[in-house]
């Protein structure tokens, strides 16, 4: 394989593959910063992928599709919020329930939407916007500066999220709730409110990540389209040390290995491709081994918050 | 040690369970069957039903079967089609078939050989309890796939002439490629997939000896983005300009890449339904499969269906053919394709050795 010839395509696959993971992972950062480990990202992304596809197709307005998808993501994630924040149910079990329920709802909706009208099976797609000059830079230009507007927004979100957690009082409230909710409560922070807000943001961003798959990547919805990206997003949050910049780096790294996997499959076609397919996931496992320390991350992460507990 | 279960615990436990149960049951509810279960003793009317692993309008495998059945129903007015069971997982395949057996459906179709192993017991029990029920399994080789079956008395299979299908696609690819580089994506490394590709490449090289083939047989059937990425990679690194796919949703992704590369220079050959149209600007023609369900219905009516017989869908009986052309295919090329098509139909275009020679390298 001529690596330099394949590199621009690998980088393009990297950025395209990184965006849905990045969006979902940024949502998870909000959730985990507030002490909620939401492993239901996969399900929320599935809902976002379907609703974005269907509303975009019905209305012809892809941005409306995105907005409604985000609202649907918030709605489904409110189920998680109610169970884990109000009822203090186990976060992992609830997240798994979301992962079972949400794709099933999406598939149910798809069957109703497409029905016997196969014309609805193919949706519309956002056009790429090439930034003059920058998109012509060799190797990286097409990958980074010839993207859909949603992809640009996802990357712009990274410094905004970082700034929010570092410099906004609300960001500090999120962090304190994730570290020690009882101490935060004594300081006058409404812990339950913060946790619900985190779930709203998480649901919206994860659904936007799912919607990216059907609005920007390929114009179809299929059952299983998320393909484990929700779980990869969870891993990137840990690998990225619960920071927006770290999550960006981890998402791009995963996207790169995924692009490399495809390039190797394309060029070494007689080799056992399963070996290449393992590459991004081996990377994920290795990353978790080195960065998944129990002592890292918000201290109260994953623990139910009982206001009356002392 | 005693455990106190609070009201909050009970509510959350119940809610979590309900959520999971809803999730497990909802997926199959989109288009459940509403068959009445009635049957006439004189057999003046018949019922047919189908079980599909994906949606019936996926633009690929499921839709090909659904359209074949719809076409057969149109020519058999005494047959009623029950709503197909879509998105059926392997674990649900037996219960899906059993529900149709319980309704005494005359012909139950498995769209693909993925259900074959799960249906063994259903077929055996139905032979005693519901002797009017017949089973038809597509893409199934009875010698290998049905080896464990207790009885084949009420079972038949359909197989496509893969050499013809591949050769038709290969002729089009060989004539339409400008770079001499053609690609193929298969969902799984099945013997049938390898035969299709071998015939495709052999035919393309027959009409254009400079052609080189690029393939991936493990793309799966759902990840459209993989189809986009690998096609982009082939276009960038190998200048591939014609694709043929056998991987349902992944093929849609490949089309996406071809469209981005330019629909005037990069082409897709679709299958198994005619997909030429404005929604698929890169598609220049399609290799279409008719699963010959009408023939099976005729056999059920005549009482000659069963005993593990194989129905072959081929060019002679209209089971395999090329669909319509887009305006990218010139009349001159269409005329050449027509000439080669006659040779493929007469089995004088490719020998089995030509196909086997390529297959042995895969």
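Glycine is treated like the rest: Cβ placed from N, Cα and C.
As given in TrEMBL:
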- A:6-27: transmembrane segment (TRANSMEM)
- A:34-56: transmembrane segment (TRANSMEM)
- A:62-80: transmembrane segment (TRANSMEM)
- A:92-113: transmembrane segment (TRANSMEM)
- A:144-165: transmembrane segment (TRANSMEM)
- A:196-220: transmembrane segment (TRANSMEM)
- A:232-257: transmembrane segment (TRANSMEM)
- A:278-297: transmembrane segment (TRANSMEM)
Test of understanding: applying the rule of at least three C-beta pairs under 8 Å (pairs 6 or more apart in sequence), is the transmembrane segment (A:278-297) touching the transmembrane segment (A:92-113)?
no
Flag the pair the transmembrane segment (A:34-56) / the transmembrane segment (A:196-220) as in contact if three or more Cβ pairs fall under 8 Å (sequence separation 6 or more).
yes
Which residues of the chain, 6 or more past the ends of the transmembrane segment (A:278-297), have a CB below 8 A from one of its CBs?
32, 232, 235, 238-239, 241-242, 250, 253-254, 257-258, 260-261, 264
Cβ contacts the transmembrane segment (A:62-80)/the transmembrane segment (A:232-257), at least three under 8 Å, sequence gap 6 or more:
no
Grab the same-chain neighbours of the transmembrane segment (A:196-220) for me: Cβ-Cβ under 8 Å, and only residues 6 or more beyond its ends, written as numbers and ranges.
16, 19-24, 26-28, 30-31, 33-34, 36, 38, 41, 44-53, 56, 62, 65-66, 69-78, 80-81, 85, 121-126, 148, 150-151, 154, 174, 226, 229-230, 233
State the non-local partners of the transmembrane segment (A:232-257) in its own chain: residues 6+ outside its ends, Cβ under 8 Å from one of its Cβ atoms.
10-11, 13-19, 21-22, 24-26, 28-29, 32-33, 39, 41, 155, 157-159, 161-162, 165, 206, 209, 279-280, 283-284, 287-288, 291-292, 296-298
